[in-house]
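Novice: Reproduced below are the annotations present in Swiss-Prot:
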- G32, R35, R119, D162, R165, R168, R171: CTP binding site (BINDING)
- G32, R35, R119, D162, R165, R168, R171: ATP binding site (BINDING)
- D45, D47: Mg(2+) binding site (BINDING)
Amino acid sequence: MKLEKLPEEFVQAKPVLEKIIEHGFEAYFVGGSVRDILLGREIHDVDIATSAYPEEIKDIFPYTIDVGIEHGTVLVLAGKSEAEHYEITTFRTESKYTDYRRPDHVDFVRDLREDLKRRDFTINAFACDVNGQIIDLFDGLTDLKERRLTAVGSALERFNEDALRIMRAMRFAATLDFQIENKTFLAMCESAHLLEKISVERIFIEFDKLLLGQDWRNGLTLLLKSGAYKYLPDLQDSALKKVLTDLSVDFHFQNSEQAWAALLTRFSNVDVKTFLRKWKVSNEFAKFVADLVSAYELDSWDLMSLYHFGLEKVLLVDELKVAYGLKINREQAVTINNQLQIHDKSEIVIAGKDLMEEFSLEPGPELGKILKIIEEKIVKNELKNEQAAIFAEVKKML
C-alpha cells in the first residue's frame, strides 16, 4: 500500500533520506512511527534505517554524533533545532542474547529484510520509503487491520532474545487495544520467568505505560493470565484482580501516581514506600503515591488534610474513590481549599529568624515547636497570617 500523504514529520526528514539515496544507498522510515501513521496516531520519534554503514553516513553528512555507533546508530544534525536531528541506524542482524536483554554483537548488512526480521512484532516491522510506499514483509498490515499483535518469526526466539518484549506486548495491548495472537501469547507464558533477568527500571516503564493505556484492563488481564506478574516485584494477584473487579469499567487513570495508588489501595499488608523502593522509582514519585494512598484512607477532608496533601492530590483521590464506588462530596475539597490562608509553609509571613530577633530566642527545639504551633493555627484559621497577630500569639506562649 501507499500513503496518500506523508505526515509532516516525514516530509521534514525526507531530504535526509534523499541525500542517502543520492549516494547510492537505501533509506527508509521504520518502526513505531510507520505503525502510528497507519493507525492515525500521533508520531513521537522518526526512526530511519539505511543500507549505509555508520562511517558512510558520517561521510555523507557534515554534522553527526556517534550516539550508538557500535550498534550502527549515528545522530545526523540536519538543522539547528532538535526536531531536525535524526537517528540513522544501519540495517543489521543480531547474534545471541545471552543476557536476555541485548545482543552479544551486531553485524551490519545491506538487506532490509534481514533488518526487519529481527524486530519484535509484525506491526513494528514496517518500512516506508520517501514516496510513502509501505513495505510489509511479515503481513503486519493484516495484523494491524485485525488489531492483533503477532511476533515476527518465532515468538519464543523473540522473547528469549529480549524478555522485555513480553511486557511490551501487554503494553501495546493496553495502549492500542490489540489482542495477542495465540502462539505469541503461549510463548509469552512460557518465557515469562525470563523477566527476572530484566532490570526493574525497564519493566517499570512498560508497566507504567500499560496502566496509562486506554485499555489498561486488557493489559492487566494479560499480565494475570500469562503469569508474568509473578516475576515482577511484590505484585499480588489478588490485588490485581480487585483492581479489575472493583474499579468502574470506564475509568482511566489521570497520571502514573494515581494508577499506582489505585493498585496499592487493593494490596493487603503493604508498606507503600518499601514496595516502591523495590521498583526503584524516584523518591519524589514514591512520596506522591504514598500520599495518595494515605489520603485515600481518610473518610473526609478538613483544613489540615487539604494543607498537608494539597488540592491536586486530594482531587486525584476523590476521583479514585468515586471510581471504586465510594460516595463523596465532590465540592468539599475545593470549598475547604478556598478557606486556607496558606498552602505552603513558605507563605507564612514570618520565619524563625523574625521570632529570634523579636523575642531573643535561640535556634533549637523550642523555636521549632513554636513555629509548628503557629503554622497549625494559621492552617486551622485560628490565627491570622499577619506579623502582628503572630507576634501576639507567640508572646502568649512565652
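Yeah, the Cβs are placed from backbone N, Cα and C, and that goes for glycine too.
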Novice: Round to the nearest Å and give the CA-to-CA distance linking R168 (CTP binding site) with D45 (Mg(2+) binding site).
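Specialist: Here the two Cα atoms are 17 Å apart.
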Novice: Between the Cα atoms of G32 (CTP binding site) and D47 (Mg(2+) binding site), find the distance and write it as a whole number of Å.
Specialist: 8
Novice: Where among the binding-site residues D45, D47, D162 do you find the Cβ with the fewest other Cβ atoms within 10 Å?
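Specialist: Relative to the other binding-site residues in D45, D47, D162, D45 has the fewest Cβ atoms within 10 Å.
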Novice: Looking only at G32, R35, R119, D162, R165, R168, R171, which the record lists for ATP, tell me the maximum pairwise CA distance in angstrom.
Specialist: 21
Novice: Round to a whole number and give the Cα-to-Cα distance in Å for the pair D45 (Mg(2+) binding site) and R171 (CTP binding site).
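Specialist: The separation of the Cα atoms works out to 18 Å.
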Novice: Cα-Cα separation of R165 (CTP binding site) and D47 (Mg(2+) binding site), in Å?
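Specialist: Given the Cα positions, R165 (CTP binding site) is 19 Å from D47 (Mg(2+) binding site).
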Novice: What does DSSP say about D45 (Mg(2+) binding site): helix, strand or coil?
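Specialist: For D45 (Mg(2+) binding site) - judged by DSSP and reduced to three states - the answer is coil.
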Novice: Helix, strand or coil at R119 (CTP binding site), per DSSP?
Specialist: coil
Novice: Would you pick out, from the binding-site residues G32, R35, R119, R165, R171, the residue whose Cβ has the largest number of other Cβ atoms within 10 Å?
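Specialist: Of the binding-site residues G32, R35, R119, R165, R171, the highest Cβ count within 10 Å belongs to R165.
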Novice: Let me check the 10 A CB neighbour count of R168 (CTP binding site). How many other CB atoms are there?
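Specialist: Excluding its own Cβ, R168 (CTP binding site) sees 21 Cβ atoms within 10 Å.
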Novice: Please report how many Å separate the Cα atom of D162 (CTP binding site) from that of D47 (Mg(2+) binding site), as a whole number.
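Specialist: Given the Cα positions, D162 (CTP binding site) is 20 Å from D47 (Mg(2+) binding site).
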Novice: D47 (Mg(2+) binding site) to R35 (CTP binding site): how many Å between their Cα atoms?
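Specialist: Rounded to the nearest whole number, the Cα-Cα distance is 12 Å.
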